[in-house]
């Protein structure tokens, strides 16, 4: 950045000033359509339901974890006194694996909920909104000549940034707003959200597998039900098993989708936009290439911040490790296709 840029003064210039004898008028607001009203209702509902859904998630996790350690573990393994570690190796390994999964689920869920996804004003200190706008422009002018501006919050919009209608602000590398974490999934917490889905899906599969024996025991005969040896009621155990099946399918599908996005260096919104661009490129006889895609290995290293922040095994540990960069500028592979909209094309991207 040139030295003169640090002394540049940005001031709001009115686009039109009415004459002294001319009344000030405003353009009438567009009448909301039925679709607009539905979207507003969904946004407000998502905002209000966030704390409730987090509480429900905590209660369901507590139920299944209690069921696992009070019913499933005792059903398969018992600590045998006098046999030492070698005689109880199966019990020890199962407990270590189980505690690792619980740690991964709770830690990543906590990080996804409490970590801000990142906003345009991150890292800036200003006294008022006017200086906020000026500081963002000063920060962005070094790598883009005419930064786009958000039509809703009226701040410059860095690349891969989108406005969240629920949070009412622009989110860096925005993926989507998740009511189950009462937060947006963005640049600084996408890792934790993906790993939460991964740990939870793995735990659900393992939970269902470990619960087959107790579940069949309940279904065999009334005699077994009358001599149920565990404190947890059979109804809660059956509910936990069915719940794990349902959550495993739902969360597993979402986890596979987000792993695909991670391996291809895309967010949910970018994937939709890239498909749109691919269609235009195909009609023009061109081939689309994602400018942020460095290949599967490169994308994994960038997403998990491996090699710069920590070694490879940190990807498997539920630690609070920030991503690479500030979320306002990203390295490009040099293979990206820059779409040139002609007179017959409209920029309808999200």
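Count begins at 1; order follows the chain as displayed.
Cβ coordinates are placed from backbone N, Cα and C, and glycine is handled just like the others.
TrEMBL does not curate its annotations; it predicts them automatically.
Residues annotated as transmembrane segment in TrEMBL: 52-77 (among others).
The transmembrane segment feature in TrEMBL is assigned to 89-111 (among others).
Positions annotated as domain 'Palmitoyltransferase DHHC' by TrEMBL: 149-274. Regional average pLDDT for the domain 'Palmitoyltransferase DHHC' (149-274) in the model is 90.
According to TrEMBL, the feature transmembrane segment maps to 192-215 (among others). Listed as Cβ neighbours of the transmembrane segment (192-215) (distance under 8 Å, sequence separation of 6 or more from its ends, same chain) are residues 64, 67-68, 71-73, 75-76, 101-102, 104-105, 108-109, 111-112, 115, 175, 178, 181, 185, 230, 237-238, 240-241, 244-245, 247-248, 251-252, 254-255, 258-259, 262, 318, 320.
According to TrEMBL, the feature transmembrane segment maps to 236-260 (among others).
Sorting each residue of the domain 'Palmitoyltransferase DHHC' (149-274) by its DSSP state yields 73 helix, 14 strand, 39 coil. Under 8 Å from some Cβ of the transmembrane segment (89-111) lie the Cβ atoms of residues 57, 61, 65, 68-69, 73, 76-79, 181, 189, 192-193, 195-196, 199-200, 202-203, 206, 318-320, all in the same chain and six or more residues away from its ends.
Only residues 6 or more beyond the boundaries of the transmembrane segment (236-260), in the same chain, are considered here, and those with a CB under 8 A from a CB of the stretch are 60, 63-64, 67, 71, 193-194, 197-198, 200-201, 204-205, 207-208, 211, 214-215, 218, 230.
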